[in-house]
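Report on the structure given below.
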Amino acid sequence: LDSVTLSINCVHLTEMLKDMCIFAAWVHGDPRKVIYPTDSYGQFCGQKDTLNENKTILFYFNILKCASPVVLINLQCPTTQLCVSKCPDRFATYIDVQASYRYKPDQWNYFRQFCKPGFNNPRKSVAQVLRDEDCPSMIIPSRPFLKRCFPDFSTKNGVLTVANQTTFKDGRGKTRNVTDLREAANGINNVLDARSVGMKIFEDYAISWYWILIGLFIAMIVSLLFLVLLRFTAGVLFWIFIFGVIGIIGYGIWHCYWEYDHLKGIPGSDLTVYDIGFQTDFRVYLQLRQTWLAFMIMLCVVEVIIILMLIFLRNRIRIAIALLKEGSRAIGYIMSTLFYPIVTFILIAICISYWAVTAVFLATSGEPVYKVMANQTLCKYANLTCDPETFNTTNVTKLCPGAQCTFAFYGGESLYHKYIFIFQLANAFVFLWLVNFAIALGQCTLAGAFASYYWASRKPADIPLWPLFSSFGRAIRYHTGSLAFGALILAIVQLIRVILEYLDHKLKGTQNSFTRFLLCCLKCCFWCLEKFLKFINRNAYIMIAIYGKNFCTSAKEAFFLLMRNVVRVAVLDKVTDFLLFLGKILVAGGVGVLAFFFFTQRIPVFAQEAPTLNYYWVPLLTVIIGSYLVAHGFFSVYAMCVDTLFLCFCEDLERNDGSTAKPYFMSASLHRILGKKELSPKKAVG
């Protein structure tokens with residue numbers, strides 16, 4: 001009953017937070033603010049069924065007022081902005097066009113498309129046109145980028161040019177050099193270069209995607225083979241590594257002794273570190289016998305510790321290796337578990353999509369804010385908010401001739417807009433909660449499947465039919481509340497960590513040392529708390545899958561069970577981590593080497609099949625990273641299998657004694673390691 005009540009409460013709380021964020025976001029949000037540029041009148045460029053439907057590009061009257069491309073993209077450039085159908089492709093000034101409009105009407109008709117809509121009065125004085133910003137004082141050759149007109153910069157013989165010209169008229173009686181746009185040019189050229197590289201990378205992906213998928217498929221096969229072969233190679237790999245470490249340390253001891261003996265009798269080698277003091281050139285210390293003696297003593301201590309640990313922990317290491325082999329055997333009987341990470345991936349992808357869409361709607365839920373833009377620097381109304389519908393009836397235009405009420409950004413002063421940040425936090429919290437729930441569901445499902453293997457009296461005959469699907473059904477039907485509660489605790493800690501990171505970012509420039517120290521301590525503490533909770537939750541979900549108890553009871557029982565076997569836990573954890581890390585490196589490195597030789601056309605058999613690429617490292621890195629992730633997905637199932645079998649093993653030892661009445665459920669290899677006399681008759685098959 002408690003589990004059912006907890007499940008209902010957690011689900012209701014999740015739905016309430018989710019509905020609150022979705023309602024606020026979808027009622028007030030407008031993703032068009034991200035998709036379309038916005039002109040000075042708050043209208044979207046390129047939006048269908050509007051006057052700007054065919055005007056998809058944003059044009060800036062005076063690009064010189066925009067110091068950097070970041071200002072342009074953020075729509076905070078202090079100049080009039082209009083939606084146009086295409087960017088200008090020539091140099092022209094309003095003064096020249098006005099002077100020649102009678103005998104060159106085509107020039108005026110071309111220039112007029114960059115003026116305010118409806119303006120067609122070339123007789124209006126230049127001073128009034130520039131004051132009222134009816135038309136730009138100049139146009140320069142531009143090209144669209146990010147749906148905005150950027151100057152068409154290029155270099156000719158190392159000189160910055162625009163349309164092969166180094167100077168241009170600014171329309172105010174001055175001839176200016178294109179270097180006046182250098183600050184914007186540098187940023188824009190970097191962005192354009194990145195765009196060119198991005199196009200080449202896209203081409204490489206388009207050509208090589210088929211071979212990338214083949215590489216990932218090979219990684220999947222190699223990962224599967226590695227897991228299957230672990231039942232035969234786990235012990236060999238581990239002991240090879242251990243004796244290799246012992247041998248390397250032994251060589252280090254010998255080398256230190258050789259250096260120590262070699263320096264004997266050399267002048268100055270008998271000095272101490274204290275005698276020579278601190279030296280920036282650390283090679284000086286290598287000329288001292290004391291240095292090599294210290295190194296030799298430290299390596300001897302490490303060697304002795306490792307040997308003593310192997311002597312006293314040999315039985316526990318054998319148990320850990322036996323559990324690793326047993327895990328490989330369990331996966332061999334329940335192969336469907338290897339593909340369950342795909343389900344978790346799909347659930348997390350849905351959570352990310354939900355969070356991203358809601359976040360975009362929340363971020364775009366502001367109302368258009370208009371501010372006074374004045375040509376006069378001393379205008380006291382400059383940058384103040386205004387209402388474009390009533391602006392012409394105010395005295396601002398009289399006190400500041402040429403001032404306009406133009407769109408600035410999206411925001412608002414209402415109560416809702418003041419708490420958008422809180423809604424974003426709530427959205428982030430729900431996202432963390434749902435992601436942790438999806439992970440918890442996967443862990444509980446896998447634990448239930450592998451527990452059914454361990455507690456089967458005769459393996460594999462007594463393993464239930466479709467153990468993975470049965471475990472998934474039990475987790476959804478009976479354990480939703482417990483999983484949601486565990487995910488809730490972890491999500492709260494993660495949200496606190498997010499807030500601490502936000503505060504640390506905001507206070508990065510502060511000179512208060514105590515504040516920085518306190519934040520650093522809090523971040524460290526909550527990082528440790530998150531790691532501890534993940535460990536507890538993981539084992540609690542295993543106990544939930546085995547016994548079906550609620551989260552708190554399962555967490556308590558799992559914790560005390562692990563504490564009673566703390567040495568075994570430490571040994572198993574390190575042995576498992578080492579072997580799985582070795583497997584990931586083996587899979588990613590092996591497939592990566594194969595991909596390198598293939599994409600660089602160094603395999604004669606496939607030289608004709610290899611695609612011609614701009615950057616061979618693009619598919620190569622994709623294959624390496626993808627192979628590592630594929631191996632991580634397979635090995636995460638294996639790690640969950642080993643953890644489940646270990647808890648079952650500890651429970652088996654505490655609840656049973658190997659008698660006929662209480663037989664062990666462990667495998668024969670584990671039974672032999674423990675030194676028991678004989679197996680129960682019902683276990684003899686295992």
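Cβ coordinates come from backbone N, Cα and C, glycine included.
Annotation source TrEMBL lists transmembrane segment at 209-229, 236-254, 292-313, 333-357, 430-455, 476-500, 578-599, 620-640.
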Ask   = Sequence gap of 6 or more, Cβ distance under 8 Å, 3 or more pairs: do the transmembrane segment (209-229) and the transmembrane segment (578-599) meet that?
value = yes
Ask   = Which residues, given as numbers and ranges, are at least 6 beyond the ends of the transmembrane segment (430-455) yet have a Cβ under 8 Å from it?
value = 14, 17-18, 21, 327, 330, 333-334, 337, 340-341, 343-344, 347-348, 351-352, 354-355, 463-464, 467-468, 470-472, 474-476, 479, 483-484, 486-488, 490-491, 494-495, 537-538, 541-542, 544-546, 637, 640-641, 643-645, 648-649, 652, 665-666
Key: Interface check, the transmembrane segment (236-254) with the transmembrane segment (620-640), three or more C-beta pairs under 8 A   = no
Message = For the transmembrane segment (578-599), give me same-chain residues lying six or more residues beyond its boundaries with a C-beta closer than 8 angstroms to one of its C-beta atoms, as numbers and ranges.
response = 208, 211, 215, 218-219, 222-223, 226-227, 230, 234, 237-238, 241, 324, 606, 610-611, 613, 616, 619-620, 623-625, 627-628, 630-632, 635, 638-639
